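Under the heading transmembrane segment, Swiss-Prot lists 10-30, 54-74, 99-119, 120-140, 149-169, 186-206, 223-243, 258-278, 300-320, 322-342, 343-363, 371-391, citing sequence analysis as support.
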Amino acid sequence: MLHPRARTMLLLSLPAVAIGIASSLILIVVMKIASVLQNLLWQRLPGTLGIAQDSPLWIIGVLTLTGIAVGLVIRFSQGHAGPDPACEPLIGAPVPPSALPGLIVALILGLAGGVSLGPEHPIMTVNIALAVAIGARLLPRVNRMEWTILASAGTIGALFGTPVAAALIFSQTLNGSSEVPLWDRLFAPLMAAAAGALTTGLFFHPHFSLPIAHYGQMEMTDILSGAIVAAIAIAAGMVAVWCLPRLHAMMHQMKNPVLVLGIGGFILGILGVIGGPVSLFKGLDEMQQMVANQAFSTSDYFLLAVIKLAALVVAAASGFRGGRIFPAVFVGVALGLMLHEHVPAVPAAITVSCAILGIVLVVTRDGWLSLFMAAVVVPNTTLLPLLCIVMLPAWLLLAGKPMMMVNRPKQQPPHDNV
């Protein structure tokens, strides 16, 4: 016979697995549609018209039209395509289901059009809203917070292809007690995360790791080098933190989202022309291309880091629907490669992983997620102790500092983005 604690944990197991699978399938469908549209916009259409896909006019035109299209969706869709991600944390309160169609369309347009944002925030919003709405009907005795936790865990597992990130994130939020141990509370979320990760793995494998030279043995000087790299990444990230709310306030004085996003898309197009095609899109595939290109110099990596960070700020400030984690990882990789080229004595494994740790920490203010992203992009167990040590001064530097988020005006309704 199972102990009552075990039976309690099993109660939500089936819903957790179902939510994890559904979270992954929603992500897969959205990404597939966006991929097809991206191929149409950036491969087939310019080829048919006899235009180079890296033509400045094409890049500016596609991104400007993408901004206008997203603005029209936000202006006229029911629920205005959900909340502005610049004003929301990664895991937020559930939104009305009526806002989800517009949010999904806005996300797909942004991903396909080359906007420098990832899918994580809108997908999280969609999955949480559906889990809460459907779960409240099927199992009304389960509170909204439980459904929110299961949906966010399933989404994290699906996004990263592993339940490890969910385990790390929720271990700091689901505090255990003498009555309910931590792992009792983690059981159902980890079931959802595992189901999401396994479902994603059936269709594609998220490819985060980079072909960077193996790091052999940790030296004391490497800790100092890593801390300096993380501090440089944090300094760059804090510039973006300072710029985001100011640019957001300036752009949204125009009130009309079509105009705001059209201008935002035009600026992104100009940045894309300067940085080239590798500086477009969410950044995961592009960072693989960046590492594979042996022709890039220190100044090239610096330019890519600056352009991508600027594009991230512009996209978020304009109101495009997307997340900031994936493009931030690209910025970290570019910064790390730049610093390694500048000081070759410091291994690239250290510069890249510590730069990712610093910039993701600025964007998310989540130590576990920052460690996870650094560890999966540069998968080397020898680096783990160094990253844990470097995290300490990095966390001190950011203590009490503002987050990369815009404070929503009090008079503005929570989901009215007109």
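FYI, residue positions are counted from 1 along the chain as it appears here.
Yeah, the Cβs are placed from backbone N, Cα and C, and that goes for glycine too.
The largest share of C-beta pairs under 8 angstroms with the transmembrane segment (343-363) comes from 223-243, of the ranges 120-140, 186-206, 223-243, 258-278, 371-391. With a cut-off of 8 Å between Cβ atoms, the residues of this chain six or more beyond the transmembrane segment (120-140) that come close are 15, 19, 22-23, 26-27, 30, 82-83, 85, 88, 90-92, 94-97, 99-100, 103-104, 106-107, 146-148, 150-152, 154-155, 158-159, 321-326.
Take the transmembrane segment (54-74) and the stretches 10-30, 149-169, 258-278: counting Cβ pairs under 8 Å, 258-278 has the most.
Residues 305, 309, 312-313, 317, 328, 331-332, 335-336, 339, 346, 350-351, 353-359, 361-363, 386-387, 389-390, 393-394, 397-398, 401-404 of the same chain lie 6 or more positions beyond the ends of the transmembrane segment (223-243) yet place their CB under 8 Å from a CB of it. Touching of the transmembrane segment (258-278) and the transmembrane segment (99-119) is concluded from the presence of at least three CB pairs under 8 A, sequence neighbours closer than 6 excluded. Using the rule of three or more Cβ pairs under 8 Å, pairs at least 6 apart in sequence, the transmembrane segment (322-342) is in contact with the transmembrane segment (99-119). Scored by C-beta pairs under 8 angstroms, the transmembrane segment (99-119) has its highest count with 10-30, from the stretches 10-30, 149-169, 186-206.
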